[in-house]
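Peer 1: Checked Swiss-Prot, it gives:
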| type | residues | note |
| --- | --- | --- |
| COMPBIAS | 125-145 | compositional bias 'Acidic residues' |
| COMPBIAS | 146-156 | compositional bias 'Basic and acidic residues' |
| DISULFID | Cys79-Cys90 | disulfide bond |
| DISULFID | Cys101-Cys118 | disulfide bond |
| REGION | 125-156 | region 'Disordered' |
| SIGNAL | 1-22 | signal peptide |
Amino acid sequence: MQGFFWKTWLVLAVCGTPASLAHRPLSYGEALELAVSVYNGKAGEASLYRLLEAVPQPEWDPSSEGSQQLNFTLKETACQVEEERSLEECGFQEDGVVLECTGYYFFGETPPVVVLSCVPVGGVEEEEEEEEEEQKAEAENDEEVEKEKGDEEKDQPKRVKRFKKFFKKVKKSVKKRLKKIFKKPMVIGVTIPF
């Protein structure tokens with residue numbers, strides 16, 4: 001009789017498990033709130049970001065077991081992360097950073113996974129314009145410096161001149177690469193505990 005009791009409990013537990021493993025339906029609004037919360041919690045930024053705009057997703061299926069995508073824009077607020085204030089209390093910074101974000105929800109995974117990718121608005125175009133302006137400014141500056149140092153360098157050997165040119169190129173290359181490293185898109189992936 002005891003064996004039958006435990007077998008019954010085991011069958012009930014196995015039958016009840018799939019229902020508890022399925023994710024709870026997530027509306028589009030809840031998915032956006034969760035994405036903003038994940039970004040603020042994992043991005044390592046000093047300021048909190050708030051939803052500025054969301055692209056409507058009419059094909060969003062709250063009970064989907066597959067992957068779903070959402071697109072939205074975040075803007076930097078005046079609140080700091082360590083203040084732990086509600087986002088509704090935080091106003092946007094006048095010159096705050098604006099981020100274009102794409103979120104991917106993978107509900108077929110156990111537990112569900114969200115991956116966010118955020119890029120500063122106008123990042124590539126502005127970066128190219130800044131590089132061109134910097135190159136022009138550096139070229140003008142180099143010409144002025146060359147004119148001033150022209151008399152001094154006449155006395156220097158060719159080897160010293162070559163080293164100076166080489167190190168200028170290295171310095172420019174390092175600056176350029178550092179700018180690219182720090183302007184890469186932020187990608188965050190987390191599991192969602194339901």
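A Cβ is built for glycine as well, from the same backbone N, Cα and C atoms used for every other residue.
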Peer 1: Between the Cα atoms of Cys118 (disulfide bond) and Cys79 (disulfide bond), find the distance and write it as a whole number of Å.
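Peer 2: Computed Cα spacing between Cys118 (disulfide bond) and Cys79 (disulfide bond) is 20 Å.
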Peer 1: Relative to the Cβ of Cys79 (disulfide bond), which residues of the same chain, six or more apart in sequence, are found under 8 Å away?
Peer 2: Ser47, Leu48, Arg85, Leu87, Glu89, Cys90
Peer 1: Might you list, by sequence position, any residue in that chain lying six or more from Cys101 (disulfide bond) with a Cβ less than 8 Å away from its Cβ?
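Peer 2: Non-local contacts for Cys101 (disulfide bond): Ala35, Tyr39, Asn71, Phe72, Thr73, Leu74, Leu116, Ser117, Cys118, Val119.
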Peer 1: If you count CB neighbours within 10 Å, which one among the disulfide-bonded residues Cys90, Cys118 has the smallest count?
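Peer 2: Minimum Cβ neighbour count within 10 Å, taken over the disulfide-bonded residues Cys90, Cys118, occurs at Cys90.
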